[in-house]
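Enquirer: Would you mind keeping the following structure in view while I ask a few things?
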C-alpha cells in the first residue's frame, strides 16, 4: 500500500511539473503574440538600417591617391585600380576605379584601411538588377550619392523589427 501511495505522489509531482512546463510554453507564445510582426511589406515599408550598416560603397575620386591598399586588404582582391605614373609630378594619377558588387562580400576592410578616407559605406542596400554585369560599378557610379531611405516619400519607414528588444526602437537618424 505504501508503494502505491509513493507512486501516486510521484505521478502527481510529475503532472504538476509538466503543467508548469506547458504553462511556461504558453507564456512564451503569448509574449510573442503581443509583439509586432517581424515581416515587413518590403516595397512599401523599409527598415532604416542601423548606424554601422555596411551597404554600397561610396567612392570619392578626388581623394584617392591610387595606393591600392584597398586591393591588398580585400579578401577577394576585388577593387580594380588603374593608374598611370606621371614623371613630371613623380606621382601616381588615378585613371579608373571599379568594384563589382556581385562579388563583393561587404566586409568593409577597404573602407577601414583606406588612408585618405575616399571610401565609405552607405546605407543603400537595394542593389538588385536583372543583369549581374550591371553590378560592376565604375568610379562614376561609385561616386553617386546614396539615396536615403528616410527621404523616400512613398515609403512608410520602419524604425526596427521590434522583435528582439521590447519597447520602441529609435532610429539613429532621429537621435
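Just so it is clear, glycine is given a Cβ too, placed from its N, Cα and C backbone atoms.
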Enquirer: For the [4Fe-4S] cluster 2 site that Swiss-Prot gives with 104, 107, 110, which of 74, 118 also belongs there?
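Expert: It is 74, as the record lists it for that site.
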Enquirer: Could you tell me what the rest of the chain brings near the domain '4Fe-4S ferredoxin-type 1' (55-84), counting residues at least six beyond its ends with Cβ under 8 Å?
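Expert: Residues 49, 92-101, 103-107, 109-125, 127, 137, 139, 142-146 contact the domain '4Fe-4S ferredoxin-type 1' (55-84) from elsewhere in the chain.
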Enquirer: Measure from the Cα of residue 114 ([4Fe-4S] cluster 1 binding site) to the Cα of every one of the binding-site residues 74, 104, 107, then give the nearest.
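Expert: If we rank 74, 104, 107 by Cα distance to residue 114 ([4Fe-4S] cluster 1 binding site), first place goes to 74.
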Enquirer: I need the least crowded one of these binding-site residues (67, 114), counting other C-beta atoms within 10 angstroms of each C-beta.
Expert: 67
Enquirer: For the recorded [4Fe-4S] cluster 2 site formed by 74, 104, 107, 110, which further same-chain residues have Cβ atoms within 8 Å of the site's Cβ center?
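Expert: Those within range, site residues removed, are 57, 70, 73, 75, 76, 78, 79, 99, 105, 106, 108, 109.
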